[in-house]
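Q: Annotation source TrEMBL lists [4Fe-4S] cluster binding site at C3, C6, C15, C21. Residues or ranges marked as hybrid [4Fe-2O-2S] cluster binding site by TrEMBL: H247, E271, C315, C407, C435, C460, E495, K497. Sequence annotations record features per position, and here TrEMBL assigns cysteine persulfide to C407.
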Amino acid sequence: MFCFQCSESMKGTGCTVQGICGKEPEVADLQDLLIWILKGISLWGVKAQEMGVKDSETGLYVAEGLFTTITNVDFDPESLGKKIDRALNVRRRIERIFKEAYRKEKGKEFSEPMPEACTWESSRGVESYKAKGAQVGVLDTQDEDIRSLRELLTYGLKGIAAYTDHAYILKHSDNSILDFLQEALASCLNDSLTAEDYVALVLKAGEYAVKAMALLDEANTGSYGNPEITSVYTGTYEGPGILVSGHDLLDLEELLKQTEGKGINIYTHGEMLPANGYPGLKKFSHLRGNFGTSWYNQQKEFEEFKGPILMTTNCIQRPRESYKDKIFTTGLVGWPEVSHIPNRVDGKEKDFTPIIEKALEIGDIGARPGKKIVVGLAHDQLSKVSDKIIDAVKTGAIKKFVVMGGCDGHAKKRQYYTDLAERLPKDMVILTAGCAKYRYNMLDLGDIGGIPRVVDAGQCNDSYSLVVTALKLKEAFGLEDINDLPIEYDIAWYEQKAVAVLLALLYMGVKGIRLGPVLPAFISPNVLKVLVENFDIKPIRTVEEDLSEIVG
Ligand code: FSO
Ligand code: SF4
């Protein structure tokens, strides 16, 4: 195996024996094969589009497949084997559709040679999938810079795919995003493309990352209303309880409906915290608050939480024996031998009965005190106080905003974000989204004239809200360049959704982003040079050094 897609890759270069995340080599090989076949599907898909074929089914499967291979989503060889079976069927189908359209238009059979990813077949199942996967992974691209750009592009696509998939689940669609996923993935099979071609595609991915986040914002707010400023309790109450982690709001809504009147309290965990701010979800009185912090603390926190746990998306970690029988996965998430709640069939709700029964069987989880934290400061709420914000900037009450969104993770170096948040001057406001916030959202950082010093817009995809806010401020101050705003960017990354967010910021022309805790292992020295020259990207340094630059 070889994987270097997240910030925690072994020795900062790549996992080769087993993933630090817990990914076994066979799982890595199966994921590599799935990505390779998705590239084959995409090339047929692009060709079909050229013949005027409109087919969102193929694009949606590509999105799901990409999402499946994001860090901490699917660790189950059996489910990956089934996803590859399905991918091969999707590929055969789109090949057939393309060939029919070609024959119709050209009056002859299509006979051009196609890359192996478009034609490879196997009837020998998972064992042959693993063997093939071992040959078609990241290192299959020999040139270091082309490999770096292809992977930067692919990881950005994974993030875009995840956000798009969430939006489609809520019945909001934009087929141009699905088309771009295929265009970009297919490009990774084209050996005649140059580094410049891939740089252009990477920036185009940034454009589509903005589109995907906007689509998901529309889907979330269209389904559940605009988030409202909400104070969320972080303790537990007496009585049975279920903890819901991940990003999928529809899963949470259906679980809330199915537990209504059953005496079960529902708590959010990790990236599900922002759900507490949506009117369409907070109306359920048994949504009682949030328990725990970010994904990387889950083994300790899931052990402490007495009730069952539902993982709706990443980031799942190896379940400890102490809670393996009460954690449930759903959607694209998988872990061997962990109970899985199956997908919706024929538009009907998922059936959460097994986890509900588990909660009732366990019974009282006990009351436990907790602090209160404020969520729900997405673009709509911010626009309601925009006059106040603009005044505060004009009078100097707010000197700067520091965007500190992104992901949390294990690295000790991430203490930087807590220390920086604590030491920022009192006239600076932190704008955040994603699980990175858990490094400082329990600190009492106060407010500036009623505006909290930690403005939490929501999940990592709600970085879109921060983009909207920045653009509104630019307009309000009559500025030409987004970089003239009093905003600093100090982004924490872990997995590939953060790569999509980063590409979105680059596409918007944001310069001088500090990236931590480490620079990605998949960025080669030459690609880094391009990023530094064009965007002034820099790694985080010590708190003192960065603080003096921010204050200066
Ligand atoms: Fe975090 Fe995990 Fe939301 Fe990520 S829980 S790390 S960027 O999946 O998606 O912020
Ligand atoms: Fe290693 Fe990260 Fe890949 Fe897991 S996702 S195998 S930790 S680089």
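Sequential numbering from 1, following the chain as shown.
Glycine is no exception: its Cβ is also placed from the backbone N, Cα and C atoms.
Map these features onto the structure and tell me what's around them.
A: Mapped onto three states, the DSSP output places C6 ([4Fe-4S] cluster binding site) in coil. Note: C6 ([4Fe-4S] cluster binding site) has non-local neighbours C21, T71, Y494, E495, Q496, i.e. same-chain residues 6+ apart with C-beta under 8 A of its own C-beta.
Within the same chain, residues at least 6 positions away in sequence whose Cβ sits under 8 Å from that of C435 (hybrid [4Fe-2O-2S] cluster binding site) are G270, E271, S294, W295, C407, D408, C460.
C407 (hybrid [4Fe-2O-2S] cluster binding site) falls outside any helix or strand according to DSSP and counts as coil. Counting every protein chain shown, the Cβ of C407 (hybrid [4Fe-2O-2S] cluster binding site) has 29 other Cβ atoms within 10 Å.
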Q: Setting C3, C6, C15, C21 aside, what same-chain residues sit with their Cβ within 8 Å of the center of the Cβ atoms that define the [4Fe-4S] cluster site, listed in sequence order?
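A: Along the chain, the qualifying residues are F4, Q5, E8, S9, M10, G14, G19, I20, K23, A28, T71.
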Q: In whole Å, how far does the CA atom of C15 ([4Fe-4S] cluster binding site) lie from that of C315 (hybrid [4Fe-2O-2S] cluster binding site)?
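A: Their Cα atoms are separated by 18 Å.
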Q: Can you list which of the binding-site residues C3, C15, E271, C407, E495, K497 have their Cβ under 6 Å from some atom of ligand 1?
A: E271, C407, E495, K497
Q: Among the binding-site residues listed here, H247, K497, whose Cβ has the fewest other Cβ atoms inside 10 Å?
A: H247
Q: Per DSSP, to which secondary structure element type does C15 ([4Fe-4S] cluster binding site) belong, with helix, strand and coil as the options?
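A: Going by the DSSP assignment, C15 ([4Fe-4S] cluster binding site) falls within a strand, counted as strand.
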Q: Which are the residues of the chain, H247, E271, C315, C407, C435, C460, E495, K497 excluded, whose CB is within 8 A of where the CB atoms of the hybrid [4Fe-2O-2S] cluster site average out, their centroid?
A: G270, W295, N314, G434, Q459, Y494, A498
